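J.: Handing you a structure now.
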Amino acid sequence: MRVKEIRKNYQHLWRWGIMLRWGTMLLGMLMICSAAEQLWVTVYYGVPVWKEATTTLFCASDAKAYDTEAHNVWATHACVPTDPNPQEVVLVNVTENFNMWKNNMVEQMHENIISLWDQSLKPCVKLTPLCVTLHCTDLRNTTNNNSSIEEKMKGEIKNCSFNVTTNIRDKVQKEYALFYKLDVVPIDNDNNSTNTCYRLISCDTSVITQACPKVSFEPIPIHYCTPAGFALLKCNNKTFNGTGPCKNVSTVQCTHGIRPVVSTQLLLNGSLAEEGVVIRSENFTDNVKTIIVQLNETVKINCIRPNNKTRKRVTMGPGRVYYTTGEIIGDIRQAHCNISRAEWNKTLEQIANKLRKQFENKTIVFNQSSGGDPEIVMHNFNCGGEFFYCDSSQLFNSTHLSNGTWWNGTGPENITLPCRIKQIVNMWQEVGKAMYAPPIRGQIRCSSNITGLLLTRDGGNTQNNNTNSSIEIFRPGGGDMRDNWRSELYKYKVVKIEPLGVAPTRAKRRVVQREKRAVGIGAVFLGFLGAAGSTMGAAAVTLTVQARQLLPGIVQQQNNLLRAIDAQQHLLQLTVWGIKQLQARVLAVERYLKDQQLMGIWGCSGKFICTTAVPWNTSWSNKSFNEIWDNMTWMEWEREINNYTNLIYNLIEESQNQQEKNEQDLLALDKWDSLWNWFSITKWLWYIKIFIMIVGGLVGLRIVFTVLSIVNRVRQGYSPLSFQTRLPARGPDRPEGIEEEGGERDRDRSGPLVDGLLALIWVDLRSLCLFSYHRLRDLLLIVTRTVELLGRKGWEVLKYLWNLLQYWSQELKNSAVSLLNATAIAVAEGTDRVIEILQRTYRAILHIPVKIRQGLERALL
């Protein structure tokens, strides 16, 4: 019965135990689940994230492929060599916004081209001495009697004479030169006279600089490149209009080769559209905005200056040579350009169709320029070193009806554009700067490809209700070279790579024993931008490979830039490109060091995935873990937490500082753990070495003391008979001391030669300690005595100086008192005498009436 009762009681307890066990398991599972939901901030290095930015671009070019003797204006010899295998990484599932009208690359290119143009003219000759009166007549014939002048060229060339200073400054001689009519203006406004006074056209507003003889204006393709840490996004949509989102995006380090062709109305030798003609404008409804047309097929334009010129030198003083046209050999004919009429009409029809779609099926009319500067009214470009101004009215003289029919008149197979030539040009519409292009010998021929147009739309028609409301008139435009560069740079934008990313994970940083790690981090940013369209989880797998490309790419780019800078050392000054390259070098290193500095501050040096102890706050983003890592790209995630990035960075820094402080405190407590290392077997060899050194030192010390003892005994006239040292007999005058007295044993007493290693070590150590003690005691006594003597002498000197000071102080006091007394006595005596004199004078004055009365009395008596 007793057993059954106990069994029943234990069954009750067993039931409670099972319930307790299940409760504990459930509580543990709940704790694990709750712990699993806790997310922590993790730092990732090498994430495919970028932001729009503006930075200094540098150039790359194949300058060696062109004439090495002629110095081209664009200074492409100072550029970095182009990459023979340029990388272009397609960004899948990426949509990016572009805006060609607000692209800093256009402004940079415009400023660079102007600066290069100005810099190429700096060492050239200023033609200020030519700003004199020119006596000009129309060129009627040449030295060849069989030659003739074309009717259109009559009056186009002026034969002018003028006075210039020779090599001797006070001597003037008469020279002559041929000028184009566009380059001179009459002074007396008399155009009918056969011999009129003229002046150069820009003398009243600008400083004219002659282009150096070997300067070439041939456009060489320039590739604009971004420094390390930046990249170019390229839109590959074939019908991209320049603004808005682009879904076919790739990333490159450099642009394609852009020829810096300076022209108006027609865009020459540019890039073509891949699918049909493309028209682009910032605002089609605003007639002030220029319309940029990109063709899909080129139209050939062949130009010629048939005149065979000679060039002569005119000296304008010491060190100044002016190049002018000497004479024209053969017939004098007008320069002109030829364009295929069929190709041009086909191109205009395609452009009209695009414009008709944009402007609601209206009739499209192309008309000539409405007026303005010659650069705007005519098609202006450079052909073989001469600046052509061609009349383009024949190109823009057609009507395209809304039903698809058009009218352009009839004519020969080719359209011939008459061209005039100017030698004095005012480039870039800048005030105060003009350039004189020296004449080119012989005939000039050039062939170009028309790849685009610059158009302007007449305003006002769409707002009227008359019959012309359905007509849109377009005229050739240009003049702002930014539109020329924009027609090539429309597909690019500069972005700044942001390789640092933060995201929530379930991993928390643990404090472990830290070991040194040497991790090489590597270079080109384009490699890891390839994962931009992937989800965050897929992109994080390739972080190591992507980040390792960073540093080698920077180093390679730096080496290329240095080689380009070295190529300019023979010049006295860097070109614009040299300065850009130096800026790019500094910028690349600065970006890399900045990122590495942040990684170091966060305790993540050498890591690509770095956990932290900062808990993730759901207020930053309330998306779930799976939603973040499985559905979002890094770019989307960056936009999600962009407002909290700086806050997260600060929290990571504070957490790292606290962790380092905790580690320092922990290491201070763990110092005692190092005591157990003394008993490690790896330390035994070191202990044996120390023991051997101690024994060797003691043996050497024993030998030294023995030799010193023998020498001391020999000096006292005693020679030991054996190694057994006997105790000397003591006389009554040298008591050893008794037990009650407790006196010290005599130092001259010696002990027997002991046996055994330990006894020998003990005796030697005792002897060493006693020897050191006695010597140190003697030295201390000597020092004490010396200090005592010096103190006594010093005290006596101080007392003597004090007494001397007191004596002289008393003497000075007595002297001062004596001087004061003498001065007081002298002053008192002087004062008494003055008072006495005053008293006598006063009495004398008082006695004057008495004396007078006494005198009168005597006189009366």
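Each residue, glycine too, has its Cβ placed from N, Cα and C.
Since the structure is predicted, the reported quantities are computational estimates derived from the model, not experimental observations.
Checked Swiss-Prot, it gives:
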type	residues	note
COILED	639-673	coiled coil
DISULFID	C59-C79	disulfide bond
DISULFID	C124-C212	disulfide bond
DISULFID	C131-C203	disulfide bond
DISULFID	C136-C160	disulfide bond
DISULFID	C225-C254	disulfide bond
DISULFID	C235-C246	disulfide bond
DISULFID	C303-C337	disulfide bond
DISULFID	C383-C446	disulfide bond
DISULFID	C390-C419	disulfide bond
DISULFID	C604-C610	disulfide bond
CARBOHYD	N145	N-linked glycosylation site
CARBOHYD	N146	N-linked glycosylation site
CARBOHYD	N237	N-linked glycosylation site
CARBOHYD	N248	N-linked glycosylation site
CARBOHYD	N269	N-linked glycosylation site
CARBOHYD	N296	N-linked glycosylation site
CARBOHYD	N308	N-linked glycosylation site
CARBOHYD	N338	N-linked glycosylation site
CARBOHYD	N345	N-linked glycosylation site
CARBOHYD	N397	N-linked glycosylation site
CARBOHYD	N414	N-linked glycosylation site
CARBOHYD	N643	N-linked glycosylation site
REGION	136-159	region 'V1'
REGION	160-203	region 'V2'
REGION	303-336	region 'V3'
REGION	369-379	region 'CD4-binding loop'
REGION	390-419	region 'V4'
REGION	462-477	region 'V5'
REGION	464-477	region 'V5'
REGION	518-538	region 'Fusion peptide'
REGION	580-598	region 'Immunosuppression'
REGION	668-689	region 'MPER'
REGION	725-749	region 'Disordered'
SIGNAL	1-37	signal peptide
TOPO_DOM	712-861	topological domain 'Cytoplasmic'
TRANSMEM	691-711	transmembrane segment
J.: Please name the residue among the disulfide-bonded residues C337, C610 whose C-beta has the most neighbouring C-beta atoms within 10 angstroms.
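T.: Comparing the disulfide-bonded residues C337, C610, the most crowded Cβ belongs to C337.
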J.: Determine which residues of the chain contact the region 'CD4-binding loop' (369-379) at the Cβ level, with the cut-off under 8 Å and only residues 6 or more beyond its ends counted.
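T.: Distant Cβ neighbours of the region 'CD4-binding loop' (369-379) are 182, 263-266, 388-393, 396, 417, 420, 422, 429, 458, 475-479.
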J.: Which residues, sitting 6 or more apart from C419 (disulfide bond) on the same chain, put a CB under 8 Å from its CB?
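T.: Sequence-distant Cβ neighbours: C303, R305, Q334, A335, H336, C337, F388, Y389, C390, D391.
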J.: By CA-CA distance, flag whichever of C124, C203, N345 among the recorded positions is nearest to C610 (disulfide bond).
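T.: So, spelling it out, the nearest of the recorded positions is C124.
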J.: Between N296 (N-linked glycosylation site) and N269 (N-linked glycosylation site), how far is it from one CA atom to the other, in Å?
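T.: Cα of N296 (N-linked glycosylation site) to Cα of N269 (N-linked glycosylation site) measures 12 Å after rounding.
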J.: Just going by other Cβ atoms within 10 Å, which of the disulfide-bonded residues C79, C136, C160, C235 has the emptiest spot?
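T.: It is C235 that, of the disulfide-bonded residues C79, C136, C160, C235, has the fewest other Cβ atoms within 10 Å.
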J.: In the structure shown, which of the disulfide-bonded residues C203, C212, C254 has the fewest other Cβ atoms within 10 Å?
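T.: Ranked by other Cβ atoms within 10 Å, the disulfide-bonded residues C203, C212, C254 bottom out at C212.
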J.: Near C225 (disulfide bond), how many other Cβ atoms are within 10 Å of its Cβ?
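T.: A count of 26.
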J.: Are there residues at least 6 beyond the ends of the region 'V3' (303-336) whose Cβ is under 8 Å from a Cβ of it, and what are they?
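T.: For the region 'V3' (303-336), the list is 125-127, 129-130, 139, 142-144, 147-150, 152-153, 156-157, 164-167, 169, 175, 177-178, 210, 213, 383-384, 386, 388, 390, 416-421, 438-448.
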J.: Fewest neighbouring Cβ atoms within 10 Å: which of the disulfide-bonded residues C59, C246, C390, C604?
T.: C246
J.: Determine, using Cα-Cα distances only, which of these disulfide-bonded residues is closest to C124 (disulfide bond): C136, C203, C225.
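T.: Nearest by Cα distance to C124 (disulfide bond): C203.
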